[in-house]
Amino acid sequence: MAETAAESGGGGDSGVGACERGVAPIKAQYRTTKERFHEYLDGDKQEGACQEVPTGDPAEPGAKRIRLEDGQENGKTEVAIESRERQVPKRARGQNKSRPHVKPAHYDKDRLCPSFLQEPATPCAFGDRCRFLHDVGRYLETKPADLGPRCVLFETFGRCPFSMTCRFAGAHLGPEGQNLVQEEVVARCAQLPSVRNGLDRALQQQLRKRQVCFERAEQALNRLTQSPMPTVVPETTVAMATPKQNSCHAQLDTVGGAGTPQSSPVPTCGPLTDEDVIRLRPCEKKRLDISGKLYLAPLTTCGNLPFRRICKRFGADVTCGEMAVCTNLLQGQMSEWALLKRHPCEDIFGVQLEGAFPDTMTKCAELLNRTIDVDFVDINVGCPIDLVYKKGGGCALMNRSAKFQQIVRGVNGVLDVPLTVKMRTGVQERVSLAHRLLPELRDWGVALVTLHGRSREQRYTRLADWPYIEQCAKVASPMPLFGNGDILSFEDANCAMQTGVAGIMVARGALLKPWLFTEIKEQRHWDISSSERLDILRDFTHYGLEHWGSDTQGVERTRRFLLEWLSFLCRYVPVGLLERPPQRINERPPYYLGRDYLETLMASQQAADWIRISEMLLGPVPPGFVFLPKHKANAYK
């Protein structure tokens with residue numbers, strides 16, 4: 001069944017008639033029209049609960065703007081809008097590539113110098129050249145009002161590191177403006193494990209100055225270029241590249257050169273272990289035994305640490321960080337290293353790397369192997385976006401077998417943890433490649449492969465091909481293969497497990513309903529209430545403030561990721577409203593009125609209504625606030 005986009009308003013069905021093909025079967029007493037849906041939401045607005053704010057719609061291309069809005073902008077009638085829609089031969093879908101990019105720092109122009117937040121305060125290293133405010137009185141005069149009486153950081157950790165810049169500062173500032181500390185809570189938190197895998201400042205400087213030695217990576221790359229690599233399939237010939245062709249010139253150099261890999265020019269001290277001089281054999285590596293476990297997919301943008309904490313709470317067994325670009329990690333970019341952070345609740349955790357060159361991928365793998373704590377490293381061979389594909393990464397590696405083999409062998413040669421691969425069925429819709437690559441991946445040393453049952457061309461315009469995944473699971477044996485695609489209920493999970501896969505990966509299903517993991521483990525449908533869903537969002541904002549901070553930048557960054565998640569959550573249809581549970585992932589919800597106002601508000605697919613929900617949790621948005629979701633649904637017809 002084809003899956004296409006439907007993003008307007010609160011759904012795509014404009015009538016109350018019988019269920020159509022591709023439309024979620026909602027009970028007749030709840031179905032409504034587009035006009036009644038928005039009249040209900042606008043009529044029941046609580047006075048003063050939310051102010052009207054621009055949502056960024058005018059900055060979007062006109063073809064999309066017609067679909068996003070109610071059809072009443074600037075006083076134009078519905079007939080006029082429909083005539084304009086007929087002039088568009090094909091409606092826009094996919095990503096909002098031309099959306100405005102507003103950083104959280106934009107809303108915090110008068111920032112206080114960080115030196116004032118140190119305890120005790122330290123002199124500013126920049127002096128008169130500092131671009132931040134040094135006048136505390138002036139800062140407090142211009143600072144917006146607090147967003148609430150409680151500070152999550154102060155209550156959780158006993159001390160808020162943002163002091164007077166916190167948007168909830170009233171909860172922990174003394175009568176003289178001093179930052180209060182709860183010594184007992186601080187002492188208790190000191191005994192608990194903290195978030196791991198941060199980037200050390202000293203290491204960041206070494207990376208930026210290219211002073212990091214990649215001895216094991218150089219040795220692994222030399223082995224790849226000097227010895228012929230065996231081919232697993234006789235019909236396939238792997239073309240060997242010369243060392244010059246095999247290198248990416250814009251990457252880091254090693255200290256001392258590659259001519260003397262046996263000895264490092266950097267003096268070392270301390271105990272010498274076997275792992276320092278003897279490379280682990282594949283049979284000696286740590287095993288990755290996750291068969292039968294629920295695997296949360298590495299989700300770009302939405303798969304952040306606060307969201308993973310939510311999914312862990314509902315029963316996810318395995319988590320993986322968002323896709324990290326290896327060249328950005330080698331350059332010491334803080335934003336990229338933030339994707340590798342691991343919360344203590346993530347007991348089985350991995351990171352996903354994306355790259356197109358064996359040298360940069362191997363060096364990055366060695367760097368992560370000795371600096372962060374993970375249970376496995378995953379190579380992204382499934383990313384379909386043009387920015388990655390045209391550079392030879394993501395799905396493009398499936399057509400670059402020589403480079404793909406060098407990357408897998410090189411990365412696997414420097415890791416002490418298992419190596420996994422996430423891939424698609426292929427690049428083109430009618431040309432499947434996975435069944436040919438899986439035996440090779442098994443012999444290259446890959447511990448586990450996750451297969452998304454769609455090609456790059458298909459994106460989400462087709463249902464996942466689970467019969468093909470079943471075929472690939474047999475070909476890959478004894479290497480475990482996880483299946484991914486269209487899991488939105490425990491029935492879907494049960495059917496997927498019957499194909500012979502070792503386990504299932506959940507992606508969009510977790511975005512629509514993170515309690516899906518509980519449903520699968522308890523084998524039931526959870527008719528969750530709107531108040532329970534709001535509590536989940538409240539917990540997400542608390543986790544977000546812990547992770548990104550409680551100052552203006554942290555609050556707005558938390559709001560942004562909350563809104564991105566709401567662009568998926570709005571597609572969930574409550575179980576009690578369905579005629580025939582469960583909801584299918586390729587069925588779009590029609591316009592419906594929920595069992596209470598909040599349930600109806602959560603069903604709206606307008607950015608303005610998502611902002612209203614965010615204001616319930618994070619207070620009013622700053623002046624000039626703009627938001628457009630990164631992803632638009634193209635999975636409905």
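Note: Cβ is positioned from N, Cα and C throughout, glycine not excepted.
Note that the structure is a prediction, hence the values are computed from the model and not measured.
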Recorded FMN site member, picked from Lys285, Lys390, Lys422, that accompanies Pro298, Leu299, Thr300, Gln352, His452, Asn484, Gly485, Asp486, Ala507, Arg508 in Swiss-Prot: Lys422
Ser98, Ser263, Ser455 - residue that Swiss-Prot labels as phosphoserine: Ser263
Number of helical, extended and coil residues in the zinc finger (107-137), per DSSP: 10 helix, 2 strand, 19 coil
For the zinc finger (107-137), distant same-chain residues with Cβ under 8 A (at least six beyond the ends): 143, 161-165, 177, 179, 551-553, 556, 622, 624-625
Under 8 Å by Cβ from Cys383 (active site, proton donor), counting only residues of that chain that are 6 or more apart: Met323, Glu354, Tyr389, Gly393, Gly394, Cys395
Secondary structure composition of the zinc finger (145-175) [DSSP: H/G/I, E/B, coil]: 12 helix, 1 strand, 18 coil
Assigned element (helix, strand, coil) containing Lys403 (SUMO2 cross-link), judged by DSSP: helix
